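Visitor: OK, TrEMBL features for this one:
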TRANSMEM  B:12-35  transmembrane segment
TRANSMEM  B:42-62  transmembrane segment
TRANSMEM  B:68-87  transmembrane segment
TRANSMEM  B:99-118  transmembrane segment
TRANSMEM  B:149-168  transmembrane segment
TRANSMEM  B:200-220  transmembrane segment
TRANSMEM  B:232-259  transmembrane segment
TRANSMEM  B:266-285  transmembrane segment
Amino acid sequence: MSEEALATAPKSAETSAPLLAVRGLEAWYGESHVLHGIDIDVRRGEVVTLLGRNGAGKTTTLKSIMGILPKRKGSVVFEGKELMHLPARWIARAGIAFCPEERGIFSSLSVQENLMLPPKVKPGGLSVEHIFTLFPNLKERLSSQGTKLSGGEQQMLAIGRILRTGANLLLLDEPTEGLAPVIVQQIGRTIAQLKQQGFTIVLVEQNFHFASSVADRHYIVEQGETVDMIENSDLERNIGKLHAYLGV
Amino acid sequence: MFELIGIPPQALFGQLLLGVINGAFYAMLSLGLAIIFGLLNIINFAHGAQYMLGALVSWMLLDYLGGSYWWALLLAPVTVGVSGVILERVLISRLYHLDHLYGLLLTFGLALIIQGLARNYYGISGLPYAIPPELSGGQNLGFMFLPNYRGWVVIASLVVCLATWFVIEKTRFGAYLRAATENPTLVGAFGINVPRMITLTYGFGVALAAFAGVLAAPIYSVNPNMGADIIIVVFAVVVIGGMGSILGSIVTGFGLGIVEGLARVFYPEGSAMMIFVIMAIVLLVKPTGLFGRTA
Ligand SMILES: Nc1ncnc2c1ncn2[C@@H]1O[C@H](COP(=O)(O)OP(=O)(O)O)[C@@H](O)[C@H]1O
Ligand SMILES: [Mg+2]
């Protein structure tokens, strides 16, 4: 079968193949070798977390999938297409969207401009009205400078703006970091709703109680490698192991 | 009433007008520099040479092809802008991963080459460029005589500056540009072609310099050194306004032109160094410039 034919293989084959398959991913910051072997499978419609200590390489993993790090190797296959050699803008156009740890709200743009910034890459994104029902706070602040929002509102804006684009795989880097409990809950509810809408999500989390409330599976990252995978339903039985990994 | 302070009104308004005209050129040139610096992070030392090229292309167009001023106003910025696009693609884009200093050295070297070639072929005595017939003559405003061409320069530069400001601050493309100035990596990760935007921005900034050069040709004759002379002042304007601020460069450009004009009336001996004195004071009081963002 030609590559063309493989890409348009029958639906049954597509649903059994993961939406995102990461194999032997390695990455460098300059000379420093940070990722040594990341293997992740994410099926369509799943919420999968990356758990691990500070500095384990979770953020670097998301950035490598997104194509932001110039020096990387291994394989990242999304919807049957190898992304490894592509620049970030083409990976975005393939349907992957990234919400960075530092949120990346632009201070020279208004809330409205921040929200409308990412271009549509595919049909099927949420409407702006729909985003306002998820995050009503944003609607009231549209003309404010992006960085004048509170930390929680900035996080909502950072998530909200990538929902419009039609991207179906969302990479969220610590969306709850440093936020008040009620906002963490709101973001948890949002992630559950997005999952219902059919979004596939890779979530980096330090807060593993939060992670267990939204995710289907958890990958453990340690010193730049995925060392374990735990089903959320098996979490109770593996709690001791997990505590050892995370050092809590 | 002006006689009270011993200045005839004709002289005062004459110098003020000259100040506004100079300010118009400062504004257009520092605006281009600010946009280029914002996105490319290089100080475009070739800016003065590209301004001169705008004037020189107008002269060549007229002399070799009989193309009118109005054609020059369109074709010179396009020609010089395209040369800027090529320059960015072929040379400047290779330096982004290096220190700012390399971009500065490259563009400085290019400026010397362009000006050297122009001097070699056209000499330094200056090539005359007549005011287009549609804009000859002037208006008697009662308190002063306003040559039509000078009025046109002020209006044209204001329109171009404000249009540029509008595109950057109020449009979707402008939002991409501002966002890419802050965080190009993230803008690229949203699917936007940042390298192409950088190339077009450099081309536009350079075209703006060439446009200023066309406007300048009938006022200051076309001279290979015309850019080198003005660009030093323009760099001071950029420093005073605040590196990278759009509105700041427009307001500061016009403002300093006027201040310079007034200085020529009230303190002629010091008028040439006025802008540099202001620059020194601003740097002492607010090192990010009048309109610069404090980090
Ligand atoms: N920009 C950078 N330059 C050099 N090293 C970095 C950079 N960012 C992260 N690192 C290093 O890479 C490793 C993984 O970092 P990161 O992926 O941010 O971890 P995590 O997100 O799991 O906390 C750490 O040792 C960190 O110090
Ligand atoms: Mg991190």
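Using the three backbone atoms N, Cα and C, a Cβ is placed for every residue, glycine included.
What TrEMBL says about a protein is an automatic prediction, not a curated fact.
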Visitor: Are there at least 3 C-beta pairs under 8 angstroms linking the transmembrane segment (B:68-87) and the transmembrane segment (B:232-259), leaving out pairs fewer than 6 apart in sequence?
Guide: no
Visitor: Who are the long-range neighbours of the transmembrane segment (B:12-35) in its own chain, taking Cβ under 8 Å and residues 6 or more past its ends?
Guide: 2, 43-44, 47-48, 51, 143-144, 146, 150, 153-154, 157-158, 160-161, 164, 168, 177, 201, 204-206, 208-209, 211-212, 215-216, 219, 230-231, 233-235, 237-238, 241, 243-246, 248-250, 252-262, 264-265
Visitor: For the transmembrane segment (B:266-285), could you work out the same-chain residues 6 or more beyond its ends whose Cβ comes under 8 Å from its Cβ atoms?
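Guide: For the transmembrane segment (B:266-285), the list is 7, 233, 236-237, 239-240, 256, 259-260.
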Visitor: Hey, which bits of the same chain come close to the transmembrane segment (B:200-220), Cβ under 8 Å, at least six residues off its ends?
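Guide: Contacts with the transmembrane segment (B:200-220): 21, 24-25, 28-29, 31-33, 35-36, 39-40, 44, 46-48, 50-59, 69, 72-73, 76-85, 87-88, 92, 129-132, 149-150, 153, 156-157, 160, 164, 177, 226-227.
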Visitor: Mind checking which residues of the chain, 6+ beyond the ends of the transmembrane segment (B:149-168), have their Cβ under 8 Å from one of its Cβ atoms?
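Guide: Long-range Cβ neighbours of the transmembrane segment (B:149-168): 17, 20-21, 24-25, 27-28, 31, 35, 131-132, 135-136, 139, 174, 177-178, 208, 211-212, 215, 218-219, 246-247, 250, 253.
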